[in-house]
Amino acid sequence: METGASIDNNGYEGIKNGSWFIQFRNGCNPWMARYVYGLIFLLANLLAWALRDYGRGALTEMRKFKNCKDGGECLGTEGVLRVSFGCFLFYFIMFLSTVGTSKMHSSRDKWHSGWWFAKLFMWLGLVIFPFLLPSSIIQLYGEIAHFGAGVFLLIQLISIISFITWLNECFQAQKDAERCRVHVMLLATTAYTVCILGVILMYIWYVPEPSCLLNIFFITWTLFLIQLMTSISLHPKVNAGLLTPALMGLYVVFICWCAIRSEPLGEICNRKAEGSSKTDWLTIISFVVALLAMVIATFSTGVDSQCFQFRKDENHEEDAIPYGYGFFHFVFATGAMYFAMLLVGWNIHHSMKKWTIDVGWTSTWVRIVNEWLAVGVYIWMLVAPMVLKSRQTT
């Protein structure tokens, strides 16, 4: 039995070290598989965007679907929701079929890493399937997608906070403590400098008049949250250092900037958006970057299942899977709902302009609440050990 197992392992290693096409055909490399799933997700995003902005060219073909009502209900916002629903079904089926997988070379591992032609046909069929459904079901899915997209944002921010704390722990664990301390201070100082610069630029760009009270509140409150995180982190009982609040400051400044940029075009307090109301190369590049950033965020979050384990398994077996397959597909399933919300501006009852993404007051408030929630989760991670310890002693 051992000889047979060694032969199988040698054959596996031979295939694993082969070309990408051999790995794709034999389905042996879960690390390669995640890129294929990411590419499929990107294709779904592009298809949803094409139906929203340029779907009128496919109006004749859409009339063949009886539930599209001359094609009108399969384009625009509903077209985005239908593609999103098909993408969600694909990844949710993959989640159900791979959750609980723990060993390499098992049947579910092979299903996750292989059977690509079958899965491509399955994905295509599931993307077409929602176009056969009545509009009422698609509208119901659109309402549910608000919740699913919120779950995705929560998973994403926990993943980012966990990465920041992990980075801080890595610096603290370095043998050369003095050199490490210099690197940490340099990185933290740079992060705080960028935060302050970002706040100043937001005041210049998005507060052109004293009457822009909402933007003043958003930016000033963000500055206060950075100060709050820093003060708690430097408290003697916490003593988490400067690096984590500095990096969290970068994150919340970025979210605040995205929130204000999501304000509707034509707002007097959003001159940057007003200047880009016409479709130009800068608008197109911004849209493409935002789309790719969303796909990359989904991809990177899907692999990071370790930060959601309550018990860390120190004894890593040789034949253990490299990342949680079920969690990976669950993140992509909620990501399918998230990209739908971005492309429709979190409002399934209105249409979006071409080459725009995540624009509207609903999008703005979703971003702002996400920023506040991120700060709340981070502060809880700082004070939770003290709170739990005090409860145990009493």
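Even glycines carry a Cβ here, placed using N, Cα and C.
Keep in mind it's a predicted model, so treat the numbers as computed, not measured.
Pulled from TrEMBL, these are the features on record:
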TRANSMEM  35-54  transmembrane segment
TRANSMEM  75-94  transmembrane segment
TRANSMEM  114-133  transmembrane segment
TRANSMEM  145-164  transmembrane segment
TRANSMEM  184-206  transmembrane segment
TRANSMEM  213-234  transmembrane segment
TRANSMEM  240-260  transmembrane segment
TRANSMEM  281-303  transmembrane segment
TRANSMEM  323-348  transmembrane segment
TRANSMEM  369-388  transmembrane segment
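Of the ranges 35-54, 75-94, 240-260, 369-388, the one with the most Cβ pairs under 8 Å to the transmembrane segment (323-348) is 75-94.
Contact between the transmembrane segment (213-234) and the transmembrane segment (75-94) is absent: fewer than three CB pairs lie under 8 Å, with pairs separated by 6 or more positions in sequence. It is 369-388 that, among the stretches 184-206, 240-260, 369-388, forms the most Cβ pairs under 8 Å with the transmembrane segment (145-164). Outside the transmembrane segment (184-206), and at least 6 residues removed from its termini, the chain residues within Cβ reach (under 8 Å) are 168, 171, 212, 215-216, 219, 222-223, 226, 241-243, 246-247, 249-250, 253-254, 256-257, 260, 269-272.
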